[in-house]
Amino acid sequence: MVTINISNPVYFSDIKDVESEFLTSIPNGLTHEEAQNRLSEYGENRLEADSGVSAWKVLLRQVLNAMCVVLILAAALSFGTTDWIEGGVISAIIVLNITVGFIQEYKAEKTMDSLRTLASPMAHVTRSSKTDAIDSHLLVPGDVVVLKTGDVVPADLRLVETVNFETDEALLTGESLPVIKDAHATFQMNEDVPIGDRINLAYSSSIVTKGRAKGICYATGMQTQIGAIAAGLRQKGKLFQRPEKDEPNYRRKLNKYYLKVTSYYVQRVLGLNVGTPLQRKLTVLAYILFCIAIILAIIVMAAHSFHVTNEVSIYAISLGISIIPESLIAVLSITMAMGQKNMSKRRVIVRKLEALEALGGVTDICSDKTGTITQGKMITRRVWIPSYGYLSVDTSDANNPTIGTVSGLEAAMQDVLKEKKQEMKNIDPSNQPSDQFIPLLKTCALCNLSTVNQTETGEWVVKGEPTEIALHVFSKRFNYGKEDLLKTNTFVREYPFDSEIKRMAVIYEDQQGQYTVYAKGAVERILERCSTSNGSTLEEPDRELIIAQMETLAAEGLRVLALATKVIDKADNWETLPRDVAESSLEFVSLVGIYDPPRTESKGAVELCHRAGIRVHMLTGDHPETAKAIAREVGIIPPFISDRDPNMSWMVMTGSQFDALSDEEVDSLKALCLVIARCAPQTKVKMIEALHRRKAFVAMTGDGVNDSPSLKQANVGIAMGQNGSDVAKDASDIVLTDDNFSSIVNAIEEGRRMFDNIMRFVLHLLVSNVGEVILLVVGLAFRDEVHLSVFPMSPVEILWCNMITSSFPSMGLGMELAQPDVMERLPHDNKVGIFQKSLIVDMMVYGFFLGVVSLMTWVVIMYGFGTGNLSYDCNAHYHAGCNDVFKARSAVFAVVTFCILIMAVEVKNFDNSLFNLHGIPWGEWNFRYFLHTLVENKFLAWAIALAAVSVFPTIYIPVINRDVFKHTYIGWEWGVVAVAVMFYFFYVEIWKSIRRSLTNPQKKGKFRRTLSNTITTESKLSEKDLEHRLFLQSRRA
């Protein structure tokens, strides 16, 4: 990247000099053409820490895979015994396996990189007089960048405008406290200014903790301060710290250092410390099987008194190969890559592959309300003004102030709206509003950072937080928009919204030189700062009436804010005016009820969670009544539970109530609350910890800077892609591109589908290995004329079954659609993973009988209908005496192939019969449905069909059959094959029937009642009984 040449360090230069040196314009920014030219000149805004996906590393992992190592040894032994054909076939399969594995894993790595870019930090940049969000990698020197609370600074900036702006620079300086920035600060040219004291700069990767700012980008990529640190770390280039020679016990520490380094890189080369937990488990499995293969080879040699001839070596090769599922890792990589793509299609970006595996095991979802369960497009629905009464807005377009109607009702302070709604009368907002409305409208517009503008085409375009947009649109209805008011009011000072105190305030000066504070925030937090209302002292009864009105509005599902104002004396220095002074002795103006309607799909998604045994908790900063109304509407709280019901006391809590409970008190509850209102960031962390102590597997949503601790604490952290801060996205495991609660449920469903499919193809692959091992181990007993064992299956036959017959159907199983009951079952246990007891039992049962029917096929043909003459040298060559052996081998090969293909269809469902895979009532069953279930997965159907057809060329094509596969053509033996395959099919169906009879439907969740059906308000049930019925039913047995 080209170094940027400027006359002086930018922190010494004033704003105008920086603007001219970088040939930019603060109001307009660079033009798009100039930005493109500078991108070509200076390069992308990236650190050079990661070279991206390394092809040779991916290739090395394929070669050093345990599965591949066994094949390489087998090829070497084959060439060593001068069996060139067999060695050549094994070598070809090695090349094929490495090629397929390399292509799929490389594509998967590239896909992961591209998906990460989708969730990469964005920068808000002014170019050609328009501010847009662009990929931060496209920033160039001279760009004008706009920052707000929660942003990660995308490059090094010379600040040109700051409003209560602070950044966290702990990453650079180690300073734990945020640094207050000042765009207009200047320094003397010869002054030594440390990095942390350059308060007119904002550094790349620092976090905006407060306020907003604008700055000119002066350094990108490796030219930034963080880039300099990265360069220094690269020069050190050490994963482990080598001890210094003058350290005590230097020699012992040096030996430990070498041991750690060697161990790390050996494990890395072998794949034991890379990849996801499942990939690491399967890699460990591969090496275990490799060890078993060596043991089996030793058993073969021991059976021949360690007199190792060529035939003994070939038999050892066969047995070693039979235990290895050569295509397992490749099929897993393909399945994971497909899972990522499917997730992205369902608006979920997977940032960490571990989350892809874990989603299916989620037991609890802790979700925010605004924009996730609800639409995130708010409208001002109700307003209560003590000096007037009520205003009500009805509209179909949240962003258009010219659409909809405004109605009003003059009422006494103690009147309740719901008793007098019929008396409301329409108000024409285009007329000059009443004096009673002016403080309300000014506060809505001026204490506001949003913009509401109409384009030349008549379209209304809004920017900002939904709550502020709703207030701004409301004031705009009365022609009191912020742009209109700024003509007669001058901005002085802002006290930004703080999640701890839950309020915001601004100070403006009008044309008469009068300074006014406008404040908005949570009702309790504004009310505690108010001393008057409507010109009179605010007494305790007045406060109680305001709270009562707030609860009335909140009971309608409205988010209620309070507005306040006061005239303030001119300060000597506005920047040093304490917030407590500005926000004291306020005059209460009004309550504003804002409505954020639930998304249409939220209710169905919550119901689906209940059926899937997933508990949904809503953690929101809203008022308890607002949270309760929305929770009831979407089904988190059953609609028939009234507000007076005693069970509501544990269903809905405030953050302060929950925080007041000790861990012991929380753990003594049989169920955690469904809704936490007024929830602070630390409350979310406490909730997750409480769930973890109950052995729950938690998904947590978040969008703000303060949500990052809870996102990291959760098993699966979910950030919002549209409204989430960069810090939250960085702390998350997955990102929702549409901020929609139903997308979380979609992700869990996809996670369950993928988990089921991995279990399917793992079972399918390992069953054939178990069967082949049993066949070949027992086959050691079949001795020829020179007392050497004759294998019932040749090495090439085994490789064909494992690579061709099994691999492609296994890939098809990885593409299986979700079962109809995938969201009717309890979450799986992530600690156990795919190697559950049921899978191991099925593998042994199916594998054992595959070995039995294969062995019986061999025995029947050789000893039942044949002569039983095993002749000699039949493991290596064909001659007339080996005809029976080669025919029996063909039949065994056909039986193993067709049984493997039957298993590929049978494992589509672990319990249901092949004739009714989806388990529909038999009265609705028909043959068309049966055929549909067989061919609905087209890739699997074609893979099975082609694998079945491939048996015949291998048996009947001359040279290939006898010289390569070590078998020959058969005739009447097909009858034995058919009977053996039928026996295996019936055996599988009988075992499935036994499984169904042993399986408790309640454990499957098939008949589990939903939350709404489970709750009852019978007075006989105590609170704990009700909690128990609600939640403990859905826990694992």
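Glycine is treated like the rest: Cβ placed from N, Cα and C.
For the Mg(2+) site, Swiss-Prot gives Asp368, Thr370; the one candidate out of Asp17, Asp663, Asp667, Asp703 that the record lists there too is Asp703. Taking the topological domains listed in Swiss-Prot, Asp151 lies on the same side of the membrane as Tyr929. In Swiss-Prot, the entry for N-linked glycosylation site among Asn647, Asn723, Asn740, Asn869 corresponds to Asn869. Residues 84-104 are the range that Swiss-Prot records as transmembrane segment, among 84-104, 672-692. Checking the candidates Ser128, Ser725, Ser1012 against Swiss-Prot, the annotation phosphoserine falls on Ser1012. Segment contact is absent for the transmembrane segment (314-334) and the transmembrane segment (845-865), given fewer than three CB pairs below 8 angstroms at sequence separation of 6 or more. Confidence for the topological domain 'Extracellular' (303-313), expressed as mean pLDDT, is 75. For the transmembrane segment (970-990), the partner stretch with the most Cβ pairs below 8 Å, chosen from 84-104, 788-808, 845-865, 890-910, 940-960, is 890-910. Contacts between the transmembrane segment (845-865) and the transmembrane segment (940-960): absent, as fewer than 3 C-beta pairs lie under 8 angstroms at sequence separation of six or more. Below 8 angstroms of C-beta separation, residues 858, 862, 870-874 of the same chain, each at least six residues beyond the ends of the topological domain 'Extracellular' (782-787), sit close to that stretch.
Counting Cβ atoms from all protein chains shown, Asn869 (N-linked glycosylation site) has 15 others lying within 10 Å of its own Cβ. In the topological domain 'Extracellular' (782-787), the DSSP tally of helix, strand and coil residues is 0 helix, 1 strand, 5 coil.
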